[in-house]
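Visitor: Could you have a look at this structure, given as structure tokens, before my questions?
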Amino acid sequence: MVSPSSPSPSSFMSSLCSAALRKKSLNVGPSDNHPPRAPQDEGGLVRRLGVYELVLLGVGASIGAGIFVITGTVAHDAGPGVTVSFTLAGLACVLNALCYAELSSRFPAVVGGAYLYTYAAFNELTAFLVFTQLMLDYHIGAASIARSLASYFVSMLELIPALKGNFPSWIGQGGKEFFGGVISINLLAPVLLVILTVILCRGVGESSVLNSFMTATKIIIVLFVIFVGAFEVDVSNWSPFAPNGVKAIITGATVVFFAYVGFDAVANSAEEAKRPQRDLPIGILASLLICAILYIAVCLVITGMVPYNLLGEDAPLAEAFTAKGLHYVSILISVGAVAGLTTTLLVGLYVQSRLYLGLGRDGLLPSIFAKVHPQRHTPIHSQVWVGIVAGILAGLFNVHELSHILSVGSLTGYSVVSACVISLRWKDKASSHLSARWLSTRREGLICLIVVACCGFFAGLSYRFGASFIFIIVALLLAIAAVAALHFRQVYSDPPGFSCPGVPFLPAASIFFNIFLFAQLHEEAWVRFVVLSIITTGVYIMYGQYHADPVGSNYSVAYHRAPTEEI
């Protein structure tokens, strides 16, 4: 017999479902021409980032290991066709970037990115799941980049003859392994993380100056490398263009796709952009375009300088110029690699702290993460926490071994953001619009979105395991049928600000391709997705559902569109 004081299982489940299905209401009202108010008694983030800083933020987050390492790795399989791989991946990322651009223009007042959009379009539990999947990617990625940066930094120091060979492995070259490699000590990586964390804690102005300087430095170096390398190109090295066929080029596109994923950092800077409704879409799309041009140009140069099968996999750019006797360019490339990895790490730490800030404000995490320093105007507690987590991972573990479980969060987040664009277009029309049948129009639309995602996964599995091409065609036809239903069975309205073209076709194509790539990931990545989702749901059941505050009553942040004037 259940005691009167204890809730029955049915009432608990009812309460849980009610909480999990809550949405965040981001009201757009007459305060559109005023910047959002800061949380009471906490100080607040300030709008210091113009369009130039936002573009460099996106470029800084993207141009790193992708241009200095991945180009050579993929070229070994795709040959000179790696250029096409980067082109295809760039076109695919345009789909995601257009979706991000619409939502960043639609809700530019506050931080949150994919988490915020999911909270507004779908529900609280899904938003929390998106956050945790993204955050694990960010944490492991930051630690891995810190180790790579430490290794490049030591390599630069060893250019000085007196220092060459004098650095032990536990300083920065890989790490000193214990217990069969389970523990791998690296002291320099945590030190570099501490320095960057301190810079970020001092304020967005200081960190933006460093990011702008380092990003401009690496862009200049990359442009110089392209210019010098163009004179060393032998066009005969471009033949055969696709030595292992078209499939190798497409597989290469799935690998290099992740070299473009810095544009979400721009969306997460919403609360610190001067004119977010105008500048965020520009920052997202311009940074993606710049990265695509640089990647394609570098691929053409290095595959033209050296036969693709002779390119190094660890430092292909530097080795290509060394093979041509241009040692001074190799030194510049090392400097560019340090600058590139520094900005990628800096922006990654920045984005993580802003996501924690959003969760703290909404009550899904303890309120300490919502505190903003009244003078520095930075979420210091969130920033320090992010630095501690990354420092522990980078200092004690060889996180490069975990690379095969990365990218789950990015692909999940991008897929959900694309679905948010479609869902929020429905939300603009009357909420009472129902089908004459038993199924509401909204639920019918959600089913169609799920069908598109499932078809993408099935097509991806069929491609991965070499199944008959018929299976891919069938999956594609089913996805097209679902998109046709989305088009003819739903009513869409134009959002304020930037509008993603081709809704629902373009976002649906984005979902299909993202989940297609998800199917190419290592099986352990799928296990990680399931296990982390179960853990996240458990945390939500025990903590999140009781403390979440979707209306933001604990913090008087005005959720509205951007100010029309620079402040």
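Every residue, even glycine, has its Cβ placed from backbone N, Cα and C.
TrEMBL lists these features:
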DOMAIN    498-547  domain 'Cationic amino acid transporter C-terminal'
TRANSMEM  54-75  transmembrane segment
TRANSMEM  81-103  transmembrane segment
TRANSMEM  115-136  transmembrane segment
TRANSMEM  178-201  transmembrane segment
TRANSMEM  213-233  transmembrane segment
TRANSMEM  245-263  transmembrane segment
TRANSMEM  284-306  transmembrane segment
TRANSMEM  326-351  transmembrane segment
TRANSMEM  445-463  transmembrane segment
TRANSMEM  469-488  transmembrane segment
TRANSMEM  500-519  transmembrane segment
TRANSMEM  525-543  transmembrane segment
Visitor: Thinking of Cβ pairs under 8 Å, which stretch from 81-103, 178-201, 284-306, 500-519 has the most of them with the transmembrane segment (326-351)?
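Guide: Going through each listed stretch, the top one turns out to be 178-201.
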Visitor: Should anything in the same chain at least six residues away from the transmembrane segment (500-519) have a Cβ under 8 Å from its Cβ atoms, list it; otherwise answer none.
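Guide: Beyond its ends, the transmembrane segment (500-519) has Cβ neighbours at 92, 95-96, 98-99, 101-102, 254, 257, 407-408, 411-412, 414-415, 418-419, 421-422, 425, 449, 452-461, 463-464, 479, 482-483, 486-487, 490, 492.
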Visitor: Considering only the recorded stretches 81-103, 115-136, 525-543, state which has the highest number of Cβ pairs under 8 Å to the transmembrane segment (284-306).
Guide: 81-103
Visitor: For the domain 'Cationic amino acid transporter C-terminal' (498-547), how many residues does DSSP put in helix, in strand and in coil?
Guide: 39 helix, 0 strand, 11 coil
Visitor: Can you work out which residues elsewhere in the same chain, 6+ from the ends of the transmembrane segment (81-103), have a Cβ less than 8 Å from its Cβ atoms?
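Guide: Distal contacts: 71, 74-75, 117, 241-243, 248-250, 252-257, 259-261, 263-264, 266-267, 280-281, 284-285, 288, 291-292, 295-296, 299-300, 303, 308, 414, 417-418, 420-421, 424, 495, 497-501, 506-507, 509-510, 513-514.
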Visitor: To what whole number does the mean pLDDT across the domain 'Cationic amino acid transporter C-terminal' (498-547) round?
Guide: 94
